[in-house]
Amino acid sequence: MGPLMLDVQGCELDAEEREILRHPTVGGVILFGRNYHDRSQLSALVKTIRQAANKPLLIAVDHEGGRVQRFRNGFSRIPPMGILHKARNQATDLATECGWLMAAELLAHDIDLSFAPVLDLERGSNVIGDRSFSSDPEQVIQLASAFIDGMHQAGMKATGKHFPGHGSVRADSHLESPRDNRSWEEIEATDLVPFRELIPAGKLDAIMPAHVIYTELDDQPAGFSRFWLQEVLRGKYGFNGIIFSDDLTMEGAAVAGGYPERAQAALNAGCDMLLACNNRAGAVAILDGLQNPPASRAESLLSTNNGDWSRLTSTSRWKNTQNRVQIFTEEFVN
């Protein structure tokens, strides 16, 4: 499997995209809202992508719930994780049900992965906000662990993001290069706690680092940093799963240079799969510029659950879970 995950422009593939998908460096496709019209169209698009690639291909989407849910009409509405605590003593069970429902519905369309859950603490970052479970690390651990259990029950792997924590910076890494000036001691006592606890518990199959520079510790964003990915994540915390880069076309990645330089820097730091989204020229530059890229280990994230929507929606679990999640969402989401 190649180490580059890229996007496609619309609800159908064009000729250039079919050719790009056959490139040996391409190992995945990330889908967005613009790729979705309805469920039957989505299933047809996914089938066409897999046929065009003619090789194992990881298909992913950001489908966390709340404001980050790419497919809406026809899919269950997943609430933002930041309001699950309102279910009080039922919050943990509700988190499991949300994780299962989200994953099961995507798998029923042959989509392998949702980049979830968010493990960032809610500490004033607008770009994170209610995407976070809580400002309290222990509550994040409890609810994220339950959400992941639901994903795993459905047959989907979990991706924790954004390591080592994006919640304490206000800048949006899509638009600029955020800087976090805190010490190691403060970061380890707060933002790193969910990662530190969930990794040895075997909950996290993949991790996505932040395009944030932690100035007291390294001059590179975490996704380009051997300190963060090799010394801390692999070494200190013993993480053996897949590391995704965040989108290499984001402004927060520009410090590493042009697109091929960004891709090589991420690979050198220890990323297994690179994301290049919303910039066809940038993705093509990476394909042309990467010299003999290593094969990705991300094939382990492919789903073995060949789902079927009609079969899924006829089960009592889907009916009961969908009903409970929708009642909660309608009560607490405007």
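Backbone N, Cα and C atoms are what each Cβ position is placed from, and that goes for glycine too.
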Additional site residue, Arg39, Arg88, Arg131, Arg182 [criterion: listed by Swiss-Prot with Asp62, Arg70, Lys161, His162 for substrate]: Arg131
Which secondary structure state does DSSP assign to Asp246 (active site, nucleophile), in the simple three-class scheme? strand
Using only the Cα atoms of Asp62, Arg70, Arg131, Lys161, His162, which the record gives as binding substrate, return the largest interatomic distance in Å, rounded to a whole number. 19
DSSP says Arg70 (substrate binding site), in three-state terms, is coil
Neighbour count first, Cβ atoms within 10 Å, every protein chain included; then name which of Asp62, Asp246 tops the list of recorded positions. Asp246
Could you tell me which of these binding-site residues, Arg70, Arg131, has the fewest other Cβ atoms within 10 Å of its Cβ? Arg70
